[in-house]
Structures are given as structure tokens and as C-alpha cells.
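Trainee: This structure is in C-alpha cells; I'll ask about it shortly.
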Amino acid sequence: MNRQTQYWAPERLDSGLIEAASALAAGGVVAFPTETVYGLGGDARSTEAVERIFAAKGRPSDNPLIVHLADAAGLDGLAAGVSSLERKLMAAFWPGPLTFVLPALPGAVSPRVTAGLDTVAVRVPAHETARRLIAAAGCPIAAPSANRSGRPSPTLARHVLDDLDGRIDGVLDGGPTGVGLESTVVRVMGDVVHVLRPGGVTAEQLRAAAGPDVRVESGSGDVGDVGEAAREVAPSGDAGAAGADDGSAAETAPRSPGVKYTHYAPQGEMVLVTGDAAPMRATVQSAADAARARGLSVGILACAEHAGDYRADAVLVLGSRAEPGEAAQTLYAALRECDDRGLGYIVAEGYPEDGIGAALMNRLRKAAGGHVLQA
Ligand code: TXA
Ligand code: MG
């Protein structure tokens, strides 16, 4: 794989969009900004294009991709049926960071997109550049996050090039993405909304939009993946299973093939510390000190309010504690920086789990490989 990768700078957006759209129409693979993270797009109908996506990422081929549309009208040719509750949520959150797993219309997209499942994941991104690109390409665009498999999702065009330069046809630079974490993936079954992966649309927002008759069931936090897996819910199975908070559901609910893969984690060992602010800070510092005593180069991922008090080789600020959305925006870049600095041990502060905090903590737990210290 040795491709000339075009870089379309923000100043060249208009001509870049035309070139990128024609590359897509010709079966090429192009990275583009969305409001969540950068995606690596290809024509979802073309098995050759989709295979290029998997090859560029080094992604296991049995992990399905999200299909991106310019607007909800594109659903007609893709999904075998959309319920009134799904329509309601689409009206509330599209364009935006919400992905629906829907029954697939056979033959609508390459079987490589759905990894052979009878469902297809679909979303309409809110980012202007993404929507213009998809509209100009004139086809549904399959797009996973534009990182090498096992690396954090890219929130800057530079991250895409760091991972994929020479492996893809181009990248449209739209500056930093907004949310910084991937979309929320849901499967609606009857009047239950199962959150397979927490993300940019929060459970609270889903509840408010769905109304009092609808249940929103969140997964256990290790269900939806950061990038490379999500649990599939059996259409005829126990509707409550996917949202159960304990591990028991795992035995009864089928999972999507991707769930067996590890997702990104920094190269260094990482631990996440949870608990109230005061004991958490003490535990973060003592974990860092213990690792330093072992001769490791240690980094701490901290909120702005606490960062100045910590002693470590690197203290990376994720944003204000009062604004977990800031930490969501900066987390992936910070994890990449941990690798760039060659940190051998990383201690991360936990955040409250409401709102976007749920998705943030899901990604932090994943990055820590489930290594959590309760202070
Ligand atoms: O924000 C996002 O969703 C970004 C941007 C580029 O749109 N995309 C993204 O794609 O995060 P990716 O491939 O990194 O994650 C897609 C997730 C995976 O967890 C995959 O297993 C799940 O969606 N998925 C895709 N199709 C599915 C299906 N038919 N059933 C269950 N899970 C599915
Ligand atoms: Mg991903």
C-alpha cells in the first residue's frame, strides 16, 4: 500500500471538496472531519472501496462500519424499516452524533460494510464539510474513524496523517472536530432505546426527546466500544438484556463481531482513578509517585482545576472539571501526546458520569484497559 495522500488545507476547502468527492466517486478513500472525530470514507456500495478502508486502518474485517448520509432521505434505499420512535429521534438529533442500527435492505451496501450482519448502522453527520462531501459524492459513505486500528480516534487532520499518510487518497482539513468522541450508537427495539455505545448524544438528551413512555437503557460501559466494537442486540431477544448494568447480560445477549477486539490504548500502562475529588487527588499522586519510584516516566491526565498541584514528568490538562465537554474534546489528542512523549505510565482522573461524562468515562476506562482505582 503506497498511495500519494492529498492534503486539502482549510483555505482550499472548496476545491478540496470537489477533488475529494471525485476521489470517492472513483472508489477512493478520503478522510474528512465530522462533528465527532475524523472519518475515513469510501463508497458504501463498493466492496473494493470498503476493502481499502479496512486495509488502510488495519481493521479486522468482521467489524461493521457506519454509513454516513447527507440527509435522512437517503435512508429509503438503505434500511428495511424505520419505526416512528426512530423517526422521532432522527428528527430530534439529525444531523448530529447519533447512529442508528437498523434492519438492512439486502444489497443496498457492500456486505463488507455490515460484516455480514442483517443490520446497518447509519448516521447523518452535522459537520458542514462532511455533509457537503457526502452530497457531492452522491452515494452513501461508509466511514469508520480515520485512525489506524488500535490508535485513538483522530480529532485533527494531523492525527489522520500521523496514522494514515501514504495509505489513503486524501484528507480534508476542517480543523479540530467538535465533540471529540464518537457518535452514540443506539438500537431501538419497540419502546426501548438501547445505547450500544455512549457518545455525543447523551442518555439524558435521548430520554428528553423520546418522551416518558420510552426507556433508554445504557450499556455497562464496556459494551459500546471506543472504536472497534459494539454489542449487537438480538431483534427477538430479551429487550432488557443489552442495557443491563451487570455482566450477566453478556451471556444472553449476542454481541457484534467487533466486540472481541481491543481498541485503542496508549502505549504506556494506564490507570483511571475514580472517587470524590479530595481522595481521588491523593490517589492520583500516590499512583504517579509509585510508578516514578519504579523508574517509569509518568504522565497525569488532569482537569484544569487540579493540574497545578500534581508532580509528574508530564501533566496534561483535559479541561475544566465544570465542563466535561472540554475533556471529551481533548482526550484523544492527550492520549496521542502520551505516546509522543514516550510516557511509560499514565494516571487519569475520573469525571462525573452524567451527560457527556458517561461517554468520556467509557473511553477512559477503555484506554486504561479496565484498570480502575476507586479512591
Ligand atoms: O462518530 C462516529 O461514529 C465516527 C464518525 C467518523 O462518524 N465513526 C466511528 O466509526 O466511530 P467506527 O467504525 O470507529 O465505530 C463504529 C461502531 C463500531 O463499534 C461498530 O462495531 C458499530 O459501530 N457498528 C457498526 N455497524 C453495526 C451494526 N450493524 N450492529 C452493531 N454495531 C455496529
Ligand atoms: Mg473507531
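Cβ coordinates come from backbone N, Cα and C, glycine included.
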Trainee: For the feature region 'Disordered' as recorded in TrEMBL, pick the matching range from 59-87, 175-203, 233-261.
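Mentor: Spelled out, TrEMBL records region 'Disordered' over residues 233-261, not the other listed ranges.
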Trainee: Of the candidates TYR264, TYR310, which does TrEMBL annotate as part of the ATP site that also includes ARG59, ASN63, THR119, SER145, SER153, ARG197?
Mentor: TYR264
Trainee: Quick check: of ARG52, ARG123, ARG167, ARG207, which does TrEMBL put in the same L-threonine site as THR36, HIS68, ALA143, SER183?
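Mentor: Candidate listed by TrEMBL for the same site: ARG123.
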Trainee: Within 8 Å of the Cβ centroid of the L-threonine site residues THR36, HIS68, ARG123, ALA143, SER183, which other residues of the same chain have their Cβ?
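Mentor: Here the non-site neighbours turn out to be THR34, GLY39, ILE66, PRO97, THR99, PRO125, ALA130, GLU182.
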Trainee: Should we count any of the binding-site residues THR36, ARG123, SER145, SER183, ARG197, TYR264 as near ligand 2, judged by a CB under 6 A from one of its atoms, and which?
Mentor: SER145
Trainee: Around the C-beta of ARG123 (L-threonine binding site), how many further C-beta atoms are within 10 angstroms, looking at every protein chain?
Mentor: 24
Trainee: If you measure every Cα to Cα distance among ARG59, ASN63, THR119, SER145, SER153, ARG197, TYR264, the residues said to bind ATP, what is the biggest one in Å?
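Mentor: Between the outermost Cα atoms of ARG59, ASN63, THR119, SER145, SER153, ARG197, TYR264, the distance is 25 Å.
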